[in-house]
Structures are given as C-alpha cells and as structure tokens.
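**Q** Structure incoming, see below.
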Amino acid sequence: MMEVMDILRKYSEMADERIRESISDITPETLLRASEHLITAGGKKIRPSLALLSSEAVGGDPGDAAGVAAAIELIHTFSLIHDDIMDDDEIRRGEPAVHVLWGEPMAILAGDVLFSKAFEAVIRNGDSEMVKEALAVVVDSCVKICEGQALDMGFEERLDVTEEEYMEMIYKKTAALIAAATKAGAIMGGGSPQEIAALEDYGRCIGLAFQIHDDYLDVVSDEESLGKPVGSDIAEGKMTLMVVKALERASEKDRERLISILGSGDEKLVAEAIEIFERYGATEYAHAVALDHVRMAKERLEVLEESDAREALAMIADFVLEREH
C-alpha cells in the first residue's frame, strides 16, 4: 500500500488536469494569473483527492468524479482568496496572498471567477440525475461556507460561545466542503444511498478533526513546523475549542486573565494562555475530540466493500492527526 503523500500526489495529479482545463480560458491575462496563483502555489489538494477516492471506493471510475473534484478545489481556493482579504492575511501557502500581488479589487474578481468556474466544471459532465444531485451538494456546501465565515466573524465579539456553536461554525466553514467532496464523489461513482451517506459522514468527521487539530497544533507545535509563531491564534483572539473549554472551566481569576490575553497581539503572553489551557484540560480535551472524530470517520468506512480506495481513505483519516502543520 502506498504512503499517504504518494496517494495524495497520485489523485491530486488526476484532479489537476481538470482544474487547469477549467480555468484555462479565463481572460484577461491578469485575471487568469490572479486566479491560478494559489492553485499553482502548492497545497496537498486533499479535497479533490477525497472526491476521486470516494468515487472509486463505491466501485466507480475516479475519472467520473474529476469535474466534481475540480469544482471542490476551485471553491476552496475562492474561499481562501476572500478569507485572506477579510482577515488581512498577507501570506498563503508560503506565497504572497492574491490581494497583496494584484490588489483587493482584482483578488475579489479572482475569487468570483473561480466560484463561477466551479459550477461549470460540474455541469460539463452533462445533465444526468447524478450530475444534478452532485451539483446540489456543491451548491449547498458554498452556502454553508459563507454561513460558517459569518459565524466565525460574529464570535470575535463574543466570549460566551458554546462548544455546540463552535462545532457548528467549523462544520460549516471547514468540514462542509470536505463532506461535499466525499458525498459528491460517491454520487458520481454510482454509490448506493447507504454508501453515499457513509462517505458524507466520513468527510464531515475528518473535516471537524482537521480543524480541531489545526487549532491544537497552534499551541503544541513549534514555529518552524507551523510557519508562524506558536499561539498566533491566541494573540489574534480566534475562537477555538480550547478557548471555549478553558473559558467554561476556568476559575473567575483565570478566566479574566485569559480574556485579557486573547486578541491582545502580545506574543509574550501566549505561553500564559497555554498554561491556562493545560491547567483546565482544554488542550487535552481538544485532542480527544479530534481523535474521536477520526475514529467515527473510519467506522463509517466499514459500510463500503474492502478495496485499496477504502484503505486509502482510512489512511487519510489517520493522516489528519499525524500532520505537524
């Protein structure tokens, strides 16, 4: 059996061809360059690979899901471009963000054109019921991404966010698109209703684990692995599961201290916040929740027939928690 990175490389190369084909006719040249900047900058392309693997795991040809795989990656890229503008982030995938190189107006257009091209990539597969069903899944994921971003922005003004609210936010902002990749891929592969539902659940679970692990790495990893200062989420005041849990469990004194550190921008105080997380088991709790979602994801794969594709999906689920950045 291949290693996870080899699997992702193989399937991402299959998706890349359709992605390039989908955006090749964008004009003028400036818009094309801005649109393809993050696509050519790298990234593991886990989402399109999951779409292709899901099609194969239900007995289909992964090529039948190539349009869906391309659409998912184009939507993901559009969301990154717009997120970087909203968050005023200047670096993405080790490269200057699109809005840094081409300005905000062109970056907005680049995101918009990728969003539009995503739907074109799906409907190029024809107008069969499978295509219509897959298209509906992709459309729904776009709505959820916007809702998730709005929830996340709203959390910046609140300190009473519950775990349930946080999980809803990361489901919509992150996991919904991953679930759409696996569900739409299974649809295009001709999966049964049970197989399609199982793969949607698998995608949702690894999507939630992915985001929680991201938050976890921010406080337990190192600057070299992260490519950014440890605890930068704390310095920026981002709401994470660890923040939610620490605020819920902490003494009044520690709660007030944590609140004063969150969003202060003072990296010197980050270590103190991490100590508060540790004191109340918030870091350990987040890791346990991520582990539980990976376990649930792998359990849902048992609905499928044994195959190399199913094994690859299980390996990717484990990989979500093995990565260091």
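Glycine is treated like the rest: Cβ placed from N, Cα and C.
Copied straight from Swiss-Prot:
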- K44, R47, H76, R93: isopentenyl diphosphate binding site (BINDING)
- D83, D87: Mg(2+) 1 binding site (BINDING)
- D83, D87: Mg(2+) 2 binding site (BINDING)
- R92, K173, T174, Q211, K228, K238: all-trans-polyprenyl diphosphate binding site (BINDING)
**Q** Can you tell me how far the Cα of H76 (isopentenyl diphosphate binding site) sits from the Cα of K238 (all-trans-polyprenyl diphosphate binding site), in Å?
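**A** If we compare the Cα positions of H76 (isopentenyl diphosphate binding site) and K238 (all-trans-polyprenyl diphosphate binding site), the gap is 21 Å.
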**Q** What Cα-Cα separation, expressed in whole Å, is found between K173 (all-trans-polyprenyl diphosphate binding site) and D83 (Mg(2+) 1 binding site)?
**A** 11
**Q** So of all those binding-site residues, R47, D83, R93, which one's Cα sits nearest to K238 (all-trans-polyprenyl diphosphate binding site)?
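**A** Nearest in space to K238 (all-trans-polyprenyl diphosphate binding site), counting only the binding-site residues, is D83.
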**Q** Which has the fewest other CB atoms in a 10 Å radius around its CB: R47, R93, the listed binding-site residues?
**A** R93
**Q** Can you give the largest Cα to Cα distance in Å, as a whole number, for the residues K44, R47, H76, R93 that bind isopentenyl diphosphate in the record?
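**A** The widest Cα-Cα gap among those binding residues is 16 Å.
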**Q** Determine the Cβ neighbour count for H76 (isopentenyl diphosphate binding site): the number of other Cβ atoms within 10 Å of its Cβ.
**A** 24
**Q** Please classify the secondary structure at R92 (all-trans-polyprenyl diphosphate binding site) using three-state DSSP.
**A** strand
**Q** May I ask for the distance between K44 (isopentenyl diphosphate binding site) and T174 (all-trans-polyprenyl diphosphate binding site), taken between their Cα atoms and rounded to an integer number of Å?
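**A** For K44 (isopentenyl diphosphate binding site) versus T174 (all-trans-polyprenyl diphosphate binding site), the Cα atoms are 16 Å apart.
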**Q** In sequence order, what residues of the same chain, 6+ apart, have a Cβ less than 8 Å from the Cβ of D83 (Mg(2+) 1 binding site)?
**A** D89, Q149
**Q** State the three-class DSSP label for T174 (all-trans-polyprenyl diphosphate binding site), counting H, G and I as helix, E and B as strand, and everything else as coil.
**A** helix
**Q** For the recorded isopentenyl diphosphate site, whose residues are K44, R47, H76, R93, find every other residue on that chain with a C-beta no more than 8 angstroms from the centre of their C-beta atoms, and list them by sequence position.
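**A** These residues sit around the isopentenyl diphosphate site: G43, K45, I46, E73, T77.
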**Q** Please classify the secondary structure at D83 (Mg(2+) 1 binding site) using three-state DSSP.
**A** helix
